[in-house]
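These notes are about the structure you will find just below.
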Amino acid sequence: MSLTAKDKSLITGFWQKISSKADDLGAEALSRMIVVFPATKVYFSHWPDLGPGSPSVKKHGKVIMAAVGDAVGKMNDLVGALSALSDLHAFKMRIDPGNFKTLSHNILVACAVNFPVDFTAEVHVAMDKFLAALGAALSDKYR
């Protein structure tokens, strides 16, 4: 599914509104994923605390959303822009690529909860398409 010019405009505009809270959104999305999908805990077993708001969750949530923000600026070549991250997740960390969809869903939930006025139906669709494309780009090295 490709992103239209309108999708890209909506994504860029929404990101500008939420970017100042991106670290918190990332921590919330990651916390939600770990709680709601406990099988994902296996990837973070080296962390001393997996609880919502823990330093490790906050730190990695920030890393995740920094990568999402970087991808917003590189929407025209997500596979190229995320090549190194795809390598890391596929070969070093061995993350099941299905988890990208799970995390994307939780990012959408965090955005909807924290930005109910700005997270319109149109923005929701555009962000869902974007995060699906981002997940597909991260899964590129798995093939």
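Every residue gets a Cβ built from N, Cα and C, even glycine.
The domain 'Globin' annotation in Swiss-Prot covers 2-143. Residues or ranges marked as N-acetylserine by Swiss-Prot on the basis of experimental evidence: Ser2. Annotation comment: Swiss-Prot describes His60 as O2 binding site, evidence class sequence analysis. Summarising the annotation, Swiss-Prot assigns heme b binding site to His89.
Neighbour density around each Cβ, counted as other Cβ atoms within 10 Å, peaks among the binding-site residues His60, His89 at His89. For the recorded site, the residue listed as 'N-acetylserine', the DSSP three-state label reads coil. DSSP gives the residue listed as 'heme b binding site' a helix state. For Ser2 (N-acetylserine) paired with His60 (O2 binding site), the C-alpha to C-alpha distance reads 28 Å. Within 10 Å of the Cβ of Ser2 (N-acetylserine) there are 6 other Cβ atoms, across all protein chains. With respect to their backbone Cα atoms, the residue listed as 'heme b binding site' and His60 (O2 binding site) stand 14 Å from each other.
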